[in-house]
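Contents: one structure, followed by commentary.
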Amino acid sequence: MMVVLLGATTLVLVAVAPWVLSAAAGGKNLKSPQKVEVDIIDDNFILRWNRSDESVGNVTFSFDYQKTGMDNWIKLSGCQNITSTKCNFSSLKLNVYEEIKLRIRAEKENTSSWYEVDSFTPFRKAQIGPPEVHLEAEDKAIVIHISPGTKDSVMWALDGLSFTYSLVIWKNSSGVEERIENIYSRHKIYKLSPETTYCLKVKAALLTSWKIGVYSPVHCIKTTVENELPPPENIEVSVQNQNYVLKWDYTYANMTFQVQWLHAFLKRNPGNHLYKWKQIPDCENVKTTQCVFPQNVFQKGIYLLRVQASDGNNTSFWSEEIKFDTEIQAFLLPPVFNIRSLSDSFHIYIGAPKQSGNTPVIQDYPLIYEIIFWENTSNAERKIIEKKTDVTVPNLKPLTVYCVKARAHTMDEKLNKSSVFSDAVCEKTKPGNTSKIWLIVGICIALFALPFVIYAAKVFLRCINYVFFPSLKPSSSIDEYFSEQPLKNLLLSTSEEQIEKCFIIENISTIATVEETNQTDEDHKKYSSQTSQDSGNYSNEDESESKTSEELQQDFV
């Protein structure tokens, strides 16, 4: 019974405790702050939030933070017992690439429940602040010096050289934004009017992280009075043999010029590069509007060039800087290619051109190839433009000689560079499918006719041997045992062959019949002997037959 009462008493105390705390706080429960926002600009970390109950006064707010891998919460320095709805915790040394969590609560004698902010990574949430801008005026140009808004920024320590800047400039009198340019941290805006006020604003961007900053405050400056000597214009660089030729235009004669160069990558680095410009050998104090210097003056790379004019008393401002790429300005060599011939097409494989020492030339800019081909017996040319290095030339005739030549062009129209044509290479296409079919048919016919040809040849040889090389006759001693004479040559005119005749005599009347028959045969043979060429043979035969008749009569008697 005591246990039951004790349990009931405990339940009552637990239920009453919140009521007691609420009464101690003035009879109201504190609510957690809402809509907490984290704003990070460069290295400045700002927290903002809203009160849940404006009617409750003298309420303070405190923040805790927690890093990844931590179990406990740590008080956020600079954001403890804050009476306003904003606090700055920039003094906290955080790893800007490490994820953190924040939580906030309201406090007045008692405390509200914690309100947790979604975890975030400072670098991803940070924005690029407005850069600092310093201006210098010339008569037709403005020199701009840009530096980060926060010096030695921790947030952008690894990306200081990756910033790009964009500029918006306009005449102050018009108020219309005229030009938008991408610029370096040290830049010069050309083609302005003298004694004119221009206003501009600049913002930074970090393209590698897809971050766009906010614009700087507007800065205005007035250009100076026009200088007596204008700067040189229209600067161009060309290649002749193993030298660079630098040319420019100028209004006045009897002037002296000098040319300077600077590594282009230095423009991306913050700082003053005024004293890093260097003179080009053979281009100092020249009296003409051009200068020539050897290619070995510059190693492979990108440079900036500028020219200045002087008459001995006055000096012009520096000309507009031009970009000079040794790879692009170098002489563009013709391509090297190999041809694989088919029956109705060529496969052309294009390779890098070769320089002295048979080493390939490495080209860091994209090229397109112009291929011209024609029949060796004709002057009608056809042209193909290809970006690929594996090109097929279709619709060719079988067993025909075609010639091919090629040259390279830069794809960038601003460069407008082309090589000379390569030497022409001539190749003969292979036989077509029709020729192969006829060849196969011819072989089959020849194989089929071969036995007949062999047989006909054998027969012909036998005839030749039989006519011109007959077999020898047997001797007279052997020949008398054979009554049948050998076959005569059918192709030559010969006497009639002798035929052995046999008679069967049954009675005397038969003998008379035989005699009559013999007489008839004799008359017929005599008639035939008049038309025969060999009459001697028939007379021999008659004698033989008459003898035979007499012998038969004697045998019968």
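For all residues, glycine too, the Cβ spot is worked out from N, Cα and C.
According to Swiss-Prot, the compositional bias 'Polar residues' annotation covers 528-539. According to Swiss-Prot, the ubiquitin cross-link annotation covers Lys501, Lys525, Lys526. Per Swiss-Prot, domain 'Fibronectin type-III 2' is recorded for 127-227. Residues annotated as domain 'Fibronectin type-III 4' in Swiss-Prot, with sequence analysis given as evidence: 331-432. Residues or ranges marked as N-linked glycosylation site in Swiss-Prot: Asn50, Asn58, Asn81, Asn88, Asn110, Asn172, Asn254, Asn313, Asn314, Asn376, Asn416, Asn433. Feature annotation from Swiss-Prot assigns region 'Important for interaction with TYK2' to 491-500; the stated evidence is experimental evidence. What Swiss-Prot lists as region 'Disordered' is 516-557. According to Swiss-Prot, the feature topological domain 'Extracellular' maps to 28-436. What Swiss-Prot records for 437-457 is transmembrane segment, and it gives sequence analysis as the kind of evidence.
Annotated features taken from Swiss-Prot, shown on the structure.
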{"residue": "Asn50", "record": "N-linked glycosylation site", "DSSP class": "strand"}
{"residue": "Asn58", "record": "N-linked glycosylation site", "DSSP class": "coil"}
{"residue": "Asn81", "record": "N-linked glycosylation site", "DSSP class": "coil"}
{"residue": "Asn88", "record": "N-linked glycosylation site", "DSSP class": "strand"}
{"residue": "Asn110", "record": "N-linked glycosylation site", "DSSP class": "strand"}
{"residue": "Asn172", "record": "N-linked glycosylation site", "DSSP class": "coil"}
{"residue": "Asn313", "record": "N-linked glycosylation site", "DSSP class": "coil"}
{"residue": "Asn376", "record": "N-linked glycosylation site", "DSSP class": "coil"}
{"residue": "Asn416", "record": "N-linked glycosylation site", "DSSP class": "coil"}
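The most densely surrounded of the glycosylation sites Asn81, Asn88, Asn254 is Asn88 (count of other Cβ atoms within 10 A of its Cβ). For Asn376 (N-linked glycosylation site), the same-chain residues 6+ apart in sequence whose C-beta sits under 8 angstroms from its C-beta are Thr400, Val401, Tyr402, Cys403, Cys426. Taking the Cβ of Asn58 (N-linked glycosylation site) as centre and 10 Å as the limit, one finds 8 other Cβ atoms among all the protein chains shown. Comparing CA positions across the glycosylation sites Asn58, Asn110, Asn313, Asn314, the one lying closest to Asn81 (N-linked glycosylation site) turns out to be Asn58. Least crowded of the glycosylation sites (Asn50, Asn172, Asn416), judged by neighbouring Cβ atoms within 10 Å of its own Cβ: Asn416.
Asn110 (N-linked glycosylation site) is 77 Å away from Asn416 (N-linked glycosylation site) when you measure Cα to Cα.
For Asn172 (N-linked glycosylation site), the spatially nearest entry among the glycosylation sites Asn58, Asn88, Asn314 is Asn314, judged by CA separation.
Put simply, Asn50 is the one of the glycosylation sites Asn50, Asn88, Asn254, Asn313, Asn314 whose Cα lies nearest to the Cα of Asn110 (N-linked glycosylation site). Taking the C-alpha positions, the distance from Asn313 (N-linked glycosylation site) to Asn254 (N-linked glycosylation site) comes to 13 Å. For Asn88 (N-linked glycosylation site), the nearest of the glycosylation sites by C-alpha distance turns out to be Asn50; the candidates were Asn50, Asn58, Asn314. Helix first, then strand, then coil: DSSP counts for the domain 'Fibronectin type-III 4' (331-432) stand at 0 helix, 48 strand, 54 coil. Here the topological domain 'Extracellular' (28-436) returns a mean pLDDT of 87 for the predicted model. Here the Cα atom of Asn50 (N-linked glycosylation site) is found 74 Å from that of Asn254 (N-linked glycosylation site).
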